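Taken from TrEMBL as is:
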- 71-153: domain 'GHMP kinase N-terminal' (DOMAIN)
- 218-296: domain 'GHMP kinase C-terminal' (DOMAIN)
Amino acid sequence: MGVGRGYGKVILFNEHFVVYGVPSIVSAIDKATIARVERAAGAGWTLDDRRPATPGYKEEKLEQQRDSIDRVLRAAGVDVSKVSIRITLEGDLVAASGIGASAASCVAIARALSEEFNLHLTEEQINQIAYEGEKAYHGNPSGVDNTAATYGGLLWFVRGKPIERISIRRPVEIVMGNTGLVANTEAAVAGVRERRQRDPARYERIFREAEELAYIARKALLDYDLRAVGRLMDRNHELLQAIEVSCKELDFLVELARENGAYGAKMTGGGLGGNMVALTPGKDLQDKVARAIKREGFEALMTRIG
Ligand code: MEV
C-alpha cells in the first residue's frame, strides 16, 4: 500500500490576479488530505472518499474529481488497463471551496502512487502531476494551489517562476470562515477573463494595484508588521470585490471578522462562496473571531500561517 499527504492552503494575497502572472502570497495550513493506494485484482480504479466535507461538495465535484484522477494516473504513468487500484481519501482537511481541497487530494494521490509503484518521484514531479490533476477542476490553473499543497510553508508564488519561501518571525493565527457554499472555480476564473476583456483599462488599473500590493505585503510580512498585513488584506478584498469574485456571504463574514477585532480579512481562493480568511494574531483574538463566526451558524477553522 502507498500513502501520501497533501496540505490545504490559504491564499493571503492575489487569487485570480495570479492566473495572469501577478505575484501572490500563499500559505499551507496544518490540515491535510491523506491518500492510500492499494492494488487489487482486475483493471481500473475505485475511490472511497472519506474526507470530511461541506454538504454537497463531493456530489458537485464528482465528475471533475473522476477526470482529475484519470489525469493524475496518466501523468504519473500508471496504466490502469493492466492493474486495478483502490484509492482511499481521508485526513482532517475539510473538502470545501477555497481551502485547496482539490490540490491537496491531487498531491496526496500522486505521492501515494509514487510509493506504491516505486516511481521515486521528486517533489517537482509530484507538483507537476498534481498540476495536471488540477486542470480538471480549474481549466487553466495558475499552479498556486498544488504548489502550496506540495511544498507547504509560506510562499511567494509567481506563475511559471521558481517559488520563494517567506520566512516570518513566528507563525500567526488565522481563522478561516466557511460560507458553506460550494463554488465553481473554473466559472469564477472564466468570469474574470470575460470582464477583463470587456473593460481592459479598468482591469489594468486594478491588476497594477494588486501587483504593487503583493510587494508591500511581502515586506510587511518580513517586517512582522501584522497591522499592515491586515490592512493590505482588507484592500486586497476590495480589489477582489472590484473584479466581482466575492459574494454577499463572503462579505458578511469578512465584515464580521473585522468587527470582532481581526487585523484584516478577505475572501480566499476562487470566491463566489467557499472560504474567507481573517488575520487574528494571538489565541484570544483567534477564539473570539471563530466564536463570532460560529454564532452566526458558519463553520470556522482555526489554524496558522508561516
Ligand atoms: C484558486 O484557489 C485560486 C485561483 O487564483 C485560481 C488559480 O490560481 O488557478 C482563483
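Every residue gets a Cβ built from N, Cα and C, even glycine.
For the domain 'GHMP kinase C-terminal' (218-296), the DSSP-based tally of helix, strand and coil residues reads 47 helix, 10 strand, 22 coil. Note: the domain 'GHMP kinase N-terminal' (71-153) comprises 46 helix, 9 strand, 28 coil (DSSP; helix = H, G, I, strand = E, B). Note on the domain 'GHMP kinase C-terminal' (218-296): its mean pLDDT in the predicted model is 98.
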